[in-house]
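Q: Let me give you the structure first, and then I'll get to my questions.
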Amino acid sequence: MAGLGHPSAFGRATHAVVRAPPESLCRHALRRSQGEEVDFARAERQHELYVGVLGSKLGLQVVQLPADESLPDCVFVEDVAVVCEETALITRPGAPSRRKEVDMMKEALEKLQLNIVEMKDENATLDGGDVLFTGREFFVGLSKRTNQRGAEILADTFKDYAVSTVPVADSLHLKSFCSMAGPNLIAIGSSESAQKALKIMQQMSDHRYDKLTVPDDMAANCIYLNIPSKGHVLLHRTPEEYPESAKVYEKLKDHLLIPVSNSEMEKVDGLLTCCSVFINKKIDS
């Protein structure tokens with residue numbers, strides 16, 4: 001089944017929901033491997049700049065939720081809601097320690113008058129980081145955080161779109177190595193597991209996507225927005241953090257490119273898409 005939406009509107013957004021990082025992020029956020037310690041002052045500054053790009057530079061209405069020290073991962077709002085058009089699916093995160101993060105997100109999205117669907121099935125798990133919406137269809141990564149039942153509930157929620165599942169073995173989430181870099185353009189990392197996942201997505205889809213291959217999996221996570229006053233906008237990792245991948249993004253001449261630093265969040269597996277949920281509200285005439 002082909003998606004019934006409008007690909008030309010892909011990437012449009014009027015609002016962004018973000019949440020401030022708590023200091024507990026440094027010691028208690030979930031992470032796949034114990035590496036460098038998070039510099040909290042730097043993490044706060046990077047997050048402020050990220051939010052500033054969305055609000056001041058791009059003109060989105062930013063809904064800023066407060067940090068909660070009892071929820072170390074709460075800055076990663078992407079995992080707790082999937083929004084498409086006027087509907088928001090409040091997820092059931094795969095990590096039990098993150099389940100209470102959904103409460104404040106649900107409240108914020110209710111205030112924006114979205115149709116709210118809650119994932120109540122105790123057998124289902126879904127992290128938004130495993131959900132790639134292309135404008136035509138959904139791909140859902142089956143990972144340690146997201147299961148088949150979670151994918152089924154997403155498919156039931158967004159019935160106008162095809163939903164295909166992709167096994168994710170070596171990464172935290174599907175979007176740990178891919179994202180949309182444009183209306184028909186998938187940014188994908190170069191690792192064997194990333195390329196294997198791309199091949200599965202290509203086989204599952206009726207549509208042929210263009211691909212943008214970057215050397216670094218983490219740098220394949222970028223944010224594409226279609227802002228009427230700015231055109232095609234792409235937030236991507238900085239040349240200082242990922243020099244070779246940044247060179248690939250710089251070839252996208254029809255995009256307004258905005259390099260964004262994310263070194264501290266990455267230490268606890270957070271990437272650019274993790275820290276925002278975008279909503280496109282219809283303007284009442």
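Cβ coordinates are placed from backbone N, Cα and C, and glycine is handled just like the others.
Annotations for this protein, taken from Swiss-Prot, read as follows:
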- His173: active site, proton donor (ACT_SITE)
- Cys274: active site, nucleophile (ACT_SITE)
- Leu30, Asp73, Glu78, Asp79, Arg98, Arg145, Val268: substrate binding site (BINDING)
- Cys274: Zn(2+) binding site (BINDING)
- Ala2: N-acetylalanine (MOD_RES)
- Ser33: phosphoserine (MOD_RES)
- Cys222: S-nitrosocysteine (MOD_RES)
- Cys274: S-nitrosocysteine (MOD_RES)
Q: Given the recorded positions His173, Cys222, Cys274, find the one whose Cα is closest in space to the Cα of Asp73 (substrate binding site).
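A: Going through His173, Cys222, Cys274 one by one, the Cα closest to that of Asp73 (substrate binding site) is Cys274.
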Q: Max Cα distance spanning Leu30, Asp73, Glu78, Asp79, Arg98, Arg145, Val268 (substrate binders), Å?
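A: About 15 Å separates the two most distant Cα atoms.
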Q: Which are the residues of the chain, Leu30, Asp73, Glu78, Asp79, Arg98, Arg145, Val268 excluded, whose CB is within 8 A of where the CB atoms of the substrate site average out, their centroid?
A: Ala29, Phe76, Pro93, Ala95, Asp127, Gly129, Asp269, Gly270, Cys274
Q: How many other Cβ atoms sit within 10 Å of the Cβ of Cys274 (active site, nucleophile)?
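A: The answer is 25 other Cβ atoms.
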Q: What recorded positions among Glu78, Arg145, Cys222 are found with a C-alpha within 10 angstroms of that of the residue listed as 'active site, proton donor'?
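A: The recorded positions passing the 10 Å Cα test are Arg145.
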